[in-house]
Amino acid sequence: MPERLTEMLMDTWTPLIILWITVLPSIYMAPMNQSQVLPSGSSTGLKRLNEEQRVLHRSKRGWVWNQMFVLEEFSGPEPILVGRLHTDLDPGSSKIKYILSGDGAGTIFVINDKTGDIHAMKRLDREEKAEYTLTAQAVDRDTNQPLEPPSEFIIKVQDINDNAPEFVEGPYHATVPEMSVVGTFVTKVTATDADDPVYGNSAKLVYSILEGQPYFSIEPHTAIIKTALPNMDREAKEEYFVVIQAKDMGGHMGGLSGTTTVTITLTDVNDNPPKFAQSLYHFSVMEDVALGEPIGRVKANDLDIGENAKSSYDIIEGDGMDIFEITTDAQTQDGIIRVRKPLDFETKKSYTLKVEAANIHIDPRFLSGGPFKDTATVKIVVEDADEPPVFSSPTYLLEVHENAALNSVLGQVTAHDPDVSSSPIRFSIDRHTDLERQFNINAEDGKITLATPLDRETSAWHNITIVATETRNHSQVSRVPVAIKVLDVNDNAPEFASEHEAFLCENGKPGQVIQIVSAVDKDDPKNGHYFLYSLLPEMVNNPNFTIKKNEDNTLSILAKHSGFSRQKQEVYLLPIVISDSGTPPMSSTSTLTIRVCGCSSDGIVQSCNVEAYVLPIGLSMGALIAILACIILLLVIVVLFVTLRRHKNEPLIIKDDEDVRENIIRYDDEGGGEEDTEAFDIATLQNPDGINGFLPRKDIKPDLQFMPRQGLAPVPNGVDVDEFINVRLHEADNDPTAPPYDSIQIYGYEGKGSAAGSLSSLESSTSDSDQNFDYLSEWGPRFKRLGELYSVGESDKET
């Protein structure tokens, strides 16, 4: 530390000497033996003491002061003396007391109240605070009364070189294009020094390069970094690490320094041409490869990167320039060779191409270095593949007359195997294109024959597909479309284009055109249709009508005379023979219906119906409509009458055959077995006697207020079944609570003709102990066993 302080003092000694020489003459107005003596304003005191003499005598003026200096970073065993305060009013009797206030008073700066000496008690740092403002005053020690007004002054901290330069923005990164000339700007760095830039050289910086020569240089004062060597190649070395130093004190010995690093990267320029890795490439490809498929890749390497390394490929020479093409892969920058046209091993077995790779982006500055392109040779060998059959034509067109005979040959298709082995070919028809199986084909020679009759008027074209398959390899299949045009023959007779009905006015004139008719023919002659019209031979001398052929191939029907009458004849039929001009000619007879009508004076048809016969009797159309309406009304009345009669004869009582359904009655009583005769009354199953009431009717609503039903008395065993049923039927018919439809009534009565009486124990009025079952043994073995069971049960009960 002492050595460092000594060095700093040596650096600042010269300016301090200059300062003392400059400052002291202005401070000391009288001879003193002190460093910095700061007397108070004696002129003020003199002014107060000699106020009455100020006109006669000039007051003695004290010297003017306002600042002191202290060296920063000074540390010693004793506090450093900054300066001394003194007033002219001080006679040296120690009655004056000096007081100091302001920045750092009492802590940093302390004053001797007797002598006025000011000492710095702490180590000062100009970079923290450069000056302090304080106030000094002289007071009476006894009374503390001010002897003169307070005076303000400044203590400035003098700088020493105690701060090294710093690169605040470092480390730095910069780029410069490769192959740049000497002196090309790279970047600029900046260092800062916390020392005082005004006082001395503590903040005067000088820049230099510690590492990075001889590639780069730096301006000492501006800190601009430039290239120092020409033609630096990125492909040889891309990145440089440069160390920059900034030193204060103008770079002289003893100055402080700081360093930073600058990473300089050379950016790429297009200074390298593409270069193929090899001069000759070999590829092989099957002859049946699909168009557009890649068959190989070539690569031209470029030492540059990015856009400067992009190349385009072209085929510039060779016997396959129209067969192959080459494109550039944007990702890998490879040249991809593809097939443009089909290959044929039997035609050409190999190709030789010359491809070229050239840079897309060329820098004109480096054109003198040579062309930025390269070439290579590509040899392509075509390999044989099992190909499908090849038809002699891509499509076939056949023509056949519609009257062609069955099994006649319409045409022939041919195909061959292009392979060297030349497999035999079999032909077939794709039946999906010939669903009606109208054609056949010879599998060996490909001749197409007719299988079913043709009709041009039904279908003029037939499109089928012929399949050729190699016999040695059924997977090799080819298809060809065959269009069959059906030629017309004259096999259809002409006929009227539509059903014509002509109207003839009663007041028509002779020679008047009644109707113009036209004919159609389904056939299609080459020279168009031409029809001949005529009447039947027996109608040639028709007294009423005649015909006339028109130039537009139509026919006009004319009346021979006037005076046609509907009363005489309402409808005329005129047979007309229509013939065509084909070979052989075809004809047909069509009948034209001519109806006689009443017309106005202008020849407009008004009526052609039966009214013409009725009106002369004296009845108008309105009268006919009225008569017809009356007839309809009478028919409606008759129908209503018949309907009412049938409804009246319908019985009101519900018939047995109208609504027959089962009436199921559910009872939740459970019996106690065969011997239980008290738990259930059979009378609940019998329809009780009804109270005299009305029969259920369909046409009235029954009254729901009925009297309660009475239970039925047991029927004696002597009643006949027929009589029993009639009684119960009468009761059911007269029962007002019975449902209005047929229901099933169940009764437990066997009739009086049974030798055993009633077999039901529910109906018995006596107990089992009163009965004798011995007679059951007389009925046979089965009933004998039944009697024994009952007898045993009775004896057990008695025991």
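Cβ coordinates come from backbone N, Cα and C, glycine included.
Annotations in TrEMBL come from automatic prediction, not curation.
Annotated in TrEMBL:
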- 87-167: domain 'Cadherin' (DOMAIN)
- 168-276: domain 'Cadherin' (DOMAIN)
- 277-391: domain 'Cadherin' (DOMAIN)
- 392-496: domain 'Cadherin' (DOMAIN)
- 496-618: domain 'Cadherin' (DOMAIN)
- 613-642: transmembrane segment (TRANSMEM)
- 753-774: region 'Disordered' (REGION)
- 753-770: compositional bias 'Low complexity' (COMPBIAS)
Averaged pLDDT, computed only over the residues in the domain 'Cadherin' (496-618): 80
Helix-strand-coil residue split for the domain 'Cadherin' (392-496), DSSP-based: 3 helix, 47 strand, 55 coil
DSSP residue counts for the domain 'Cadherin' (87-167), split into helix, strand and coil: 0 helix, 35 strand, 46 coil
